[in-house]
Every structure is written in C-alpha cells, then in structure tokens.
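Taken straight from Swiss-Prot:
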type: DOMAIN; residues: 191-275; note: domain 'RCK C-terminal 1'
type: DOMAIN; residues: 277-360; note: domain 'RCK C-terminal 2'
type: TRANSMEM; residues: 4-24; note: transmembrane segment
type: TRANSMEM; residues: 28-48; note: transmembrane segment
type: TRANSMEM; residues: 65-85; note: transmembrane segment
type: TRANSMEM; residues: 95-115; note: transmembrane segment
type: TRANSMEM; residues: 157-177; note: transmembrane segment
type: TRANSMEM; residues: 370-390; note: transmembrane segment
type: TRANSMEM; residues: 402-424; note: transmembrane segment
type: TRANSMEM; residues: 438-458; note: transmembrane segment
type: TRANSMEM; residues: 463-483; note: transmembrane segment
type: TRANSMEM; residues: 492-512; note: transmembrane segment
type: TRANSMEM; residues: 529-549; note: transmembrane segment
Amino acid sequence: MSDIAITISLLALVAVIGLWIGHWKIRGVGLGIGGVLFGGIIVAHFTNQYGLKLDAHTLHFVQEFGLILFVYTIGIQVGPGFFSSLRKSGLKLNAFAILIIVLGSIAVVLVHKIADVPLDIALGIYSGAVTNTPALGAGQQILAELGVPQTTVTMGVSYAMAYPFGICGILLAMWLIRLFFNVKVDDEAARFNAESSQDKESLHNISLKVTNQNLDGLTLIQIPGFSDEEVVCSRLKRDDMEIVPKASTEIRTNDILQLVGDDNSLAKMRLIIGHEVDAPTVAYSGEIRSERVVVTNEKVLGKKIRALGIHQKYGVVISRLNRAGIELVPTGNTTLQFGDVLHMVGRSDVLNQAISVIGNAQQKLLQVQMLPVFIGIGLGVLVGSIPFYIPGFPVALKLGLAGGPLVVALILARIGTIGKLYWFMPPSANLALREIGIVLFLAVVGLKSGGSFFDTLVNGSGLEWMGYGIFITFVPLIIVGTIARLYGKLNYLTICGLLAGSMTDPPALAFANEIKEDNGAAALSYATVYPLVMFLRIMSPQLLAVLLWAA
C-alpha cells in the first residue's frame, strides 16, 4: 500500500476507535467527540512501534480541512443567534461567560510566566482545560505564523493531558456550587418556571374593543401604532362579520380588533383604542384561517414584505415572523430570508395563493445548497489570510484558518440571503459536516501526538501539565459561579448552563439537563452564551500567543 492509502486507512481506524471510546460513559458522562483524540494517541503508539510511515502532507491537509469544516459549520449554526445573544436579555449571562474566558486567559499567563511553561504547551493545556478543540487549532495556526516549530506534537500532547479534567472540572464546579449554597433543585426549577411563564414568548394576541370615539371613521393606517408598524391587526370583527382588515379599512366604534405585538406596544394600543375583551384568539371562524408558512421560494428571498404586495393582492396579513427561534413583528420593510416562518391570516379561498408566493416547500428545508458552502469556505480562508496591524504588536495578526471561516460564516448566516444564494443549512447536514470536520482534525492531532504521549505521561511533565489544566479549568468556573449566585442572583440551573456554555461542552450540558430533566433553564442559558463564547474561545489563544510571544 502507498503511504497515502496507509494514512487514510489509519485515519478511519482512529475515527472508529475514538468514537467507540467516546461512547463510554461513567455515571452518564463520557469523552464524547474527544474520544477521537485518544483513539489517535493509541493508534499512533502502535504505528511508532511497528515503524509504519504516514504521509505528512496528507495529514496536514486533512487536519486543516477538518478544522475549516468544523468552524465554518459552527458559524453557520450560531450565526443567526450570535448578534441577538448580545442584546439586553443576554447581557448578564454573556458578561459572566466573558469573565470566565478572561480569568482562564489570566491563568494561562500565570502558568506561562510563573511556572515557566513553554508557550505552545501552555496554549495546549488551555485548549484542553476548556475542552475547546477549535482553540487548539487556532493556537497551532498562530504559533506556526510566529515561526514556533513542532507545535502540533507538543500542543496535542498537552491538550490531551488537560482534556479529561476539563470535562470533570465543570461537573465538579456545578456540584460544589450546589453544596456551598445549599441549593434545592426543585425550588430553583419552580422559580425558573414562574419567571419564564411571565415572558414565555415575545409576542402576544389581544382583542380590543374600539371605544375611543375619535377613531370612528379613521382608516387603520391612520391610527397611531399601526402607522409605526409596532403592532399588526390580524382580523376585525364587526357585529357578526369577520374580516382580515387592510390598511385602508375604516374603523367603527364597537369594532373588535385582534392585535399582535409585544407587551409594551399592546399596552399603548389599549390606551388609544379601548378596553380588552374576551374573544377567541386562536380559532378562526367562518372562511378565515391561519397558517404557518416557511419561506422557501427563491424569488422572494431578499425582498421586503411590502414589495410582495401580499396584503394588497390577497388581503392576507402576516402577523408574526419567526427567524432562528426569535419572534419578530413583521413590517413592510422586513426582508425575507430562507427558512423564515410566517404566521399568515386570510380568507381560505385566497390564502393558498398567498402561500404559493412564499413557497412553503418543506422538502427544500432538507436540501443543501452546496454552492454557498464552498463560497463561504473560500471567503473564510481568504479573510483568515489577510494580515492586519495593531499598534504595539510586533507582528501582523491574522484570523487564520480557524478564525476566518468562523467570522465569515457568522456574517453570512446573519445576512441569510444574497440574490438566489442562501446560507441556510438543514440542522442534520450541518451536524454531519461539523462532526466529520472535528473527527478528521482530532484524528490527525492524536496521530501526531501519540508517539510521545505515554512517555510524557510516565517519564516527563505529564502530571504537572494535568495540574496546570486543573487550575485553568476549575478556578475561573468556581469564581464566576459563586459571583453569579451571590451577586448576580442567578438561578442555579441557569448557572449550570452558563458554566457548560462557557466551555462549549455538550457532555456538561447533558449533565446539567439531568439535574432537573423537565426544566429548560440550563439549555436556555447554554444557548444564550454559546455563540459569543465559541467565537472568543477561538480568538483568545491567538491573542495570548501574540502577546506572550512578544513579551
């Protein structure tokens, strides 16, 4: 067999062994995808003993391409929620997550400066301690740019030494916080449910009776609130007649209007229109019905709702828009993106015509447009290769193959659509590409690190590196967890999700979810901090490398 054939065969073997190891669980917690790294270490140990030669160029390409695939698909996944997670509702959680990253970075500086640990090893320990594989790839990239040789081997070994406690340390921090504050999980779950039920969704329906005599005879668009597009009137009831109103529909005293909007906007409309009445808000009687419609028609992508003329042509109202799990009040200037879910209300005989304009082809949600994928990857590599200079830094910085595709993917996923190209990717396809990418990357890192892993563990500084990893993992988590509980007054289950999200660690999230299985607090806080944390985890080793290398 050729060297390339042997290399590919061993990569497949590493993936099989590693994924098998990753499925081993102790009390419900396992290595997960990190098992591939240890599968590579085991295989490399025996290949070195038997003198098998691997093709270095193939390994290098597979490692870099796997990293690119992983970070690009991560960016596409979290992109729509990345910028919204920075809004006011998630500021406190994201601030605590950033504090964990900052404290972890300070710990790396202390390990490097005080303990005199070489920079490449310190960054490898950091990546393993925070269980973030893209951070390892980013660190290797920047050190290679700085001219530090043989970083793959040393960083891979130190990463592997710190990784196991990186997972266990999060679980230990959760347990100690629970013990220290004498937390009663059932009480925490009840408190979270009570708080979340008050604001379970961003938009609400109410029915208002027109009692303001000044509105009699005015058209809908002339009433304050509708002209500002703060709320949507999805239907109007007058005596026994029920219609979907247009902007030009005249309003009469005693009409009942069903409105959709956020709490503040609806409160204003109560003052303007009249008092709230009990009226059906879900069932649509007569010929009026509502449908949830998915935007799949390429002809409407990037167009504004006003330009489609759906309301004018068919008398259909778009009362809600759900984008990446976030509910919005649609306005005439709202631009449609692939995968948007619209709540449409109209007469049965014309609603289907309006739906055909939007698309609602469910099978398209299962298809992947490959052209945007490779455009995004290509742009990401180009952006990652652009040097930018910061005063005081000795070398030009680059986002690299880890940061470039991530930043581009975040932006493209946020934009959503350019012409007929859309960057929506079905979750199953995204997960498949992401898993393939990280398996390839970890398999190569394991193969390159395995030759010296056991020797370092037994005869070298392996145990010392483990100790530094415990320090980097545990100290930031326990400090921020205590502050979040003591001063931030955060729910314990929310703190568990925050700690897991700050390490981008799915096994830790699984553990947090099992603390109270019927409660979504941990998953919600994990999802809130995950996008920003993933970005910062990839960028932080690069900044640390440049700062410490220059010092």
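Placement of Cβ uses the backbone N, Cα and C atoms for every residue, glycine included.
Under DSSP, the residues of the domain 'RCK C-terminal 2' (277-360) split into helix, strand and coil as follows: 23 helix, 28 strand, 33 coil. Recorded stretches compared: 157-177, 370-390, 438-458, 463-483, 529-549; the one with the most Cβ pairs under 8 Å to the transmembrane segment (402-424) is 370-390.
Across the domain 'RCK C-terminal 1' (191-275), the model assigns an average pLDDT of 80.
Using a cut-off of 8 Å between Cβ atoms, the transmembrane segment (463-483) and the transmembrane segment (28-48) share fewer than three residue pairs, counting only pairs 6 or more apart in sequence.
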